[in-house]
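A short write-up of the structure that comes next.
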Amino acid sequence: MGNCVKSPLRNLSRKMRQEEKTSYMAVQTSEDGLADGGELHGPLMMLAQNCAVMHNLLGPACIFLRKGFAENRQPDRSLRPEEIEELREAFREFDKDKDGYINCRDLGNCMRTMGYMPTEMELIELSQQINMNLGGHVDFDDFVELMGPKLLAETADMIGVKELRDAFREFDTNGDGEISTSELREAMRKLLGHQVGHRDIEEIIRDVDLNGDGRVDFEEFVRMMSR
């Protein structure tokens, strides 16, 4: 897991480090996923268990890793139906005009949505491959050809789009497709068992709010989770 914390969040991270052990033990020992400050269940419980150091989540610097599957993965096998569906769901998320294609610019974000964290060099190589061979656009079959081997090799260490989407819905309590400051504050209260200050929440949102609207959409959430 990455442990680098962006500077606007350093002070908050320091405070959270002091309480991470207590917060994590509360999550681990609660049978129904309740923390002191409120209800914690489902995707939020999964996030908490996969990121014991809570300041990494707020960093935002946590790459969430699935545990326990590496021994069962066989890179030379075919994709399973559920893995094809995961690819399809990720592809749909970034096929914004619903024409059956995504462009090379969106491919990096799409890969991050799947939990695969490409290096800058990998993205350059993929971009060159797409522009030269695929006309700058990728249909679903091309996407499977590009991402299938990566999914087979990396899925043991990744959190997928379904888990990210489920976690996003837990934060987005009113279902409007964006996380507001109040929604993020409430999610952090549930995760940590105490209230996070308004200024700290605003700093978190400013750090990941790419379009400057003061809210976090799903694409920004994916970036937040993958830094």
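Every residue gets a Cβ built from N, Cα and C, even glycine.
These figures come from a predicted structure and were not determined experimentally.
Taken verbatim from Swiss-Prot:
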type	residues	note
BINDING	Asp95, Asp97, Asp99, Tyr101, Asp106	Ca(2+) 1 binding site
BINDING	Asp209, Asn211, Asp213, Arg215, Glu220	Ca(2+) 3 binding site
DOMAIN	82-117	domain 'EF-hand 1'
DOMAIN	136-153	domain 'EF-hand 2'
DOMAIN	159-194	domain 'EF-hand 3'
DOMAIN	196-227	domain 'EF-hand 4'
LIPID	Cys4	S-palmitoyl cysteine
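The DSSP secondary structure for Asp99 (Ca(2+) 1 binding site) is coil. Each residue of the domain 'EF-hand 3' (159-194) gets a DSSP state, and the totals for helix, strand and coil are 23 helix, 2 strand, 11 coil. In the three-state DSSP scheme, Asp106 (Ca(2+) 1 binding site) falls into the helix class. Here the Cα atom of Arg215 (Ca(2+) 3 binding site) is found 21 Å from that of Asp106 (Ca(2+) 1 binding site). Sequence-distant neighbours of Asn211 (Ca(2+) 3 binding site) (same chain, 6+ residues apart, CB-CB distance under 8 A): Asp217, Glu220. The average per-residue pLDDT of the prediction over the domain 'EF-hand 1' (82-117) is 83, rounded to a whole number. Counting every protein chain shown, the number of other Cβ atoms lying within 10 Å of the Cβ of Arg215 (Ca(2+) 3 binding site) is 18. DSSP gives Arg215 (Ca(2+) 3 binding site) a coil state; it is part of no helix or strand. Secondary structure of the domain 'EF-hand 2' (136-153) per DSSP (helix as H, G, I; strand as E, B; remaining residues coil): 14 helix, 3 strand, 1 coil. The Cβ of Asp99 (Ca(2+) 1 binding site) lies under 8 Å from no Cβ of any same-chain residue at least six residues away in sequence. Under DSSP, Glu220 (Ca(2+) 3 binding site) is assigned to a helix (H, G or I) in the three-state scheme. The sparsest Cβ neighbourhood within 10 Å, among the listed binding-site residues (Asp97, Asp213, Glu220), is found at Asp97. Residues Asp95, Asp97, Asp99, Tyr101, Asp106 make up the record's Ca(2+) 1 site, and a Cβ search at 8 Å around their centroid adds Phe94, Lys96, Lys98, Gly100, Ile102, Asn103, His137 from the same chain.
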